């Protein structure tokens, strides 16, 4: 097709109707994508650049202080805890989500096809409820004096747990809620991937006498490798930048020990009114996210090429 | 896994067949046990929210007996929350914002996806990649500069400010999956239409949108759920209760109003979560198609 050169062709004198058509087509295409370009340019690209500029200003935003904000942040213990907590939170939550999701996807795949729909529908519910609202429910379940989880633990003679009151337990609670919310997503993605593995491969393996573990190791995992890495990386991005769960459940406490980047940026930038430093906190996420995003994109393009 | 050592030592075909069926039965049991266990844990929080919402404040505060049981179920919490004008304002704001955002999103992304899937032009490939990368940018990375920008437009503390920024959450993914759906429509269809003298707009309205209807429904559901559940932007940009959508309204106002009205808070949270759950219950297949399309279709 007269794809890339269409604009040039159209500009020459004495256009034939076909060339005029080509010119019109690229103009139309441009007009059709214009709103998209405006949204991406105005509300994503520009703010991204603006964030970098903001982060170099002082608190009152009148003076440029270079990288001072970043230096100050790296000087405080709280911020180190934020970095540490973000990493603990993202890595353990994603790992658990992926493992639970993988396991459940397999279990769903194992049961007869007509029952799958019902189970799948039920197990996806945590993902459907807006996380800010379901976290409210968790908060209530973790409530120190009325905790219904502790009640169940006590029934089994396990002592009560100070879910949100003690730093490590608060960290665990935040991870539990995130895993609860995110595991169904992994389950659905892996189930879709499992369904696309050709059944003949398993039949051939069964004839060759492969054990269940061998089938997993030599058929399922290689066939799903791409989708596993895409979902894990994608989830790392989302979990690393998570805000809702920490905000509702602990709001950063106890003693600022469960803050992740997003909640800390919110605390510094919006609640304390130091917009430039808040922007700097957010920007600390950027390098890691960029690396993850690069690999997601690579995985997706590779997948498209395989399918093409 | 249950292939016993005996069968492995005697690899004759008849034994294999027997072991396969016992392995199958064993796998089925593991599957059902795991699924039941997972379903209990996955459904416990919403169920417990529902249980709490049926209790009176006195019963919630009563520490004797199991918190998982309701002794005197009552609907007074629902009556109270539905009679609460603030809650109705939150609901109305959510509806208003979501409807606007879904409409804006679908117009923008259908047009763009059509252009990107069919009319290759200079930079179209880069733009498609850019769309996907934008989808990967979490909103928490940009909410501070957006706070300044929205403030500069004078739209802080206004639900219209949210209508302006929400498309950043919805447009990239919707465009991305629509490109996938449009690209899967056979080229012969549009060639036939061109020969019959159809214009681009006719092609889009009469061929692409009807044929890609499942994709459009999936994208609409996605846009709806995302803008209904959005939390970071409203928390950052809206502090007056009159302009708050449900998510932040329930979390900040109901909790702050009276810390011990747990029944009402839970009733409010459940009612707020209801629209996405209803959409999901009726359109589950589209919902899941939209969810998995991002990665499996590409």
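In case you wondered, yes, glycine gets a Cβ from its N, Cα and C as well.
Those TrEMBL annotations? Automatic predictions, nothing curated.
As given in TrEMBL:
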- B:26-51: transmembrane segment (TRANSMEM)
- B:90-114: transmembrane segment (TRANSMEM)
- B:91-283: domain 'ABC transmembrane type-1' (DOMAIN)
- B:126-147: transmembrane segment (TRANSMEM)
- B:159-183: transmembrane segment (TRANSMEM)
- B:204-231: transmembrane segment (TRANSMEM)
- B:261-283: transmembrane segment (TRANSMEM)
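If one looks beyond the transmembrane segment (B:126-147) by at least 6 residues along the same chain, the residues whose Cβ comes under 8 Å of a Cβ in the stretch are 112, 116, 156, 165, 168-169, 172-173, 175-176, 179, 230, 232-233, 236-237, 294. Between the transmembrane segment (B:26-51) and the stretches B:90-114, B:159-183, B:204-231, B:261-283, the greatest number of Cβ pairs separated by less than 8 Å involves B:261-283. For the transmembrane segment (B:90-114), same-chain residues at least 6 beyond its ends with a Cβ under 8 Å from one of its own Cβ atoms are 131, 159, 162-163, 166-167, 170-171, 174-175, 178-179, 181-182, 204, 208-209, 216, 219-220, 223-224, 227-228, 241, 243-247, 249-250, 253, 271-272.
For the transmembrane segment (B:159-183), same-chain residues at least 6 beyond its ends with a Cβ under 8 Å from one of its own Cβ atoms are 93, 96-97, 100-102, 104-106, 108-110, 112-114, 116-118, 128, 131-132, 134-135, 139, 142, 146, 150, 153, 208, 212, 214-216, 218-219, 222-223, 226-227, 230, 233-234, 237-238, 243-245, 290, 293-294, 297-298. Residues 46, 49-50, 52-57, 60, 76-78, 80-82, 87, 90-91, 94, 217, 221, 224-225, 228-229, 246-247, 250, 254-255 of the same chain, all 6+ positions outside the transmembrane segment (B:261-283), place their C-beta atoms under 8 angstroms from a C-beta of that stretch.
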